[in-house]
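Chemist: Let me begin by handing over the structure; questions about it come next.
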């Protein structure tokens, strides 16, 4: 069907092909490769897609090249401001683009653009005069600034039916407009109402003027569904908003009732906003429409019955996946068992492998050992030549190994095997997932620089300069990498940079997308951390409430930390004991890292309660967990807490040995706050050793001056983070050191600073020297 948008697209192709021959352009003979590539991609999308508004079309042409936009507007203006004959001449000139008599034709006849040109020319030649007049009038309205919506203009060119009846009549050689006696030429000017075919008594007039009406052929509808489904599964930010997409789906279902894929797209759309009832309804509708019609032939009936059984299998499998995504564990397990039973009866190994993947996820959520399931699934998927499932199971197995304390070398070796399989079968989505998993592993093991490097490699896959930019990659991995960079900037004290990174994530993943919860979690996590630094308990509680809406696993740990900061130690201890119990039961999400951090907070509660001896057992257990699971950085932090207890127990020499052993790890991989806390402990050790009475006067003075210099650096670091209550501890310690050294002026200055900060941060709220919180 010829529409105003299609004519505009023809004019664009014509001007692009005649580039350099037209006086309207700058005279260059050939487009550069980047413009040609962008034009080819855009034209393919426009040919396959539905019609768009004129302003949107102009904007996209401008993005290709401004000179092409100028030439297009000039040619379109000449066509619409002249007479009807100008449009006839334009369609006649299109044949020249396909003419190869004088050499190579500008457009190959067998190409996609060539076939599009031939189809449009043939369709235009079949139009009657009245239809041509309507088309020309619609083109004029389409290009004017005060034009009605595209759907109204398109409906006008479609004739009175407004539902594609003109196309059907053209194919049958009959036109509704040919039957209209009012179109007879009588020498008078035709009215707009007559041209648009909306005469009195037209029963479809109100339907034509619906602003939501969209023109889709069957092929365009299939392309639209495929494109949006691909976006929803791989890069949700490029998909239409949920409400707009659902509106388009409803229109497609109305005009193409036999197109079952519309219901599956609606199912994916409901799934991303977790609309359970709509998702189940559309899933049932999809498989109902996929059911074959019963025929009289026995062979056909046998084939139909097999198709019905297959539909039942995959319907149950999809329903199990839906329940699993929404957290309905019992319902998901029941439906999954039904899918496995039916797949066993039909000997459908592919369905069984998919079911095995969902079984792994469900049993993992229950805290069961899934190593045997993963081993069997990897072997069977490789035997059935299912590379996607093979790599997915291998990545799941890598995660399972890391959480069960397998050596990091074995974990990364297994992940490298996954990358090899992904490259062999060209699976960029799983390559990006593998890089995200690699970053998470490095971060868990305590090597933040390597984690950042993996994030950079992942972000490079999404770069506009990357040759793989057109290949589908996993948008969830991209969002995770961006948020990891924001979190690392916050750990360095660069909160403004972290905010800018999160703003980028917000624009890329709007709040209605399913991946928005990733940057929301990161944003609230950073807000909680800053609130603790500034002793803003109200903001910290607000951040916790926001995290609760995202279903944060470590929520109880953060609540306990906040209660410790506020002095509510008994309530915090109860929460932590429940949290440690869940970690020991190995429930889903309660990782060894959370277990170790919980034990560190418990040890701090014992120190605040002046039960330093009790804290040692918790610290040793935390260190043992970290050592077993190879959590290098967290083990170093547990060692720092042990050094703190030794200082409190007047064992500075032993504490100094521990601090020197972990100092390289903390300085290379630690956050800015952790670095200054450990160096503050180091300065305290030097002060205790200098004042124990076993040092020579010269050596004692050297140690004290070294401690003062280190404390000055730590003070500047805490100022950068805004942790002023720690500066109070530093001023207190510096005043004592200057008093020992006899530096009266410096002592008084430090004492004055301590007094000012003590009025702001009471000693009853913040006991000096006794706690290294926050530990999150």
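Just so you know, glycine gets a Cβ as well, placed from its N, Cα and C.
Okay, these came from TrEMBL:
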- 146-158: compositional bias 'Polar residues' (COMPBIAS)
- 2-146: domain 'Anaphase-promoting complex subunit 5 N-terminal' (DOMAIN)
- 263-365: domain 'Anaphase-promoting complex subunit 5' (DOMAIN)
- 146-166: region 'Disordered' (REGION)
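Walk me through the surroundings of each of these features.
Modeler: Averaged over the domain 'Anaphase-promoting complex subunit 5 N-terminal' (2-146), the predicted model has a pLDDT of 80.
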Chemist: Using DSSP, how many residues in the domain 'Anaphase-promoting complex subunit 5 N-terminal' (2-146) fall into helix, strand and coil?
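Modeler: Final tally across the stretch: 100 helix, 0 strand, 45 coil.
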Chemist: Report the DSSP secondary-structure composition of the domain 'Anaphase-promoting complex subunit 5' (263-365) as helix, strand and coil residue counts.
Modeler: 88 helix, 0 strand, 15 coil
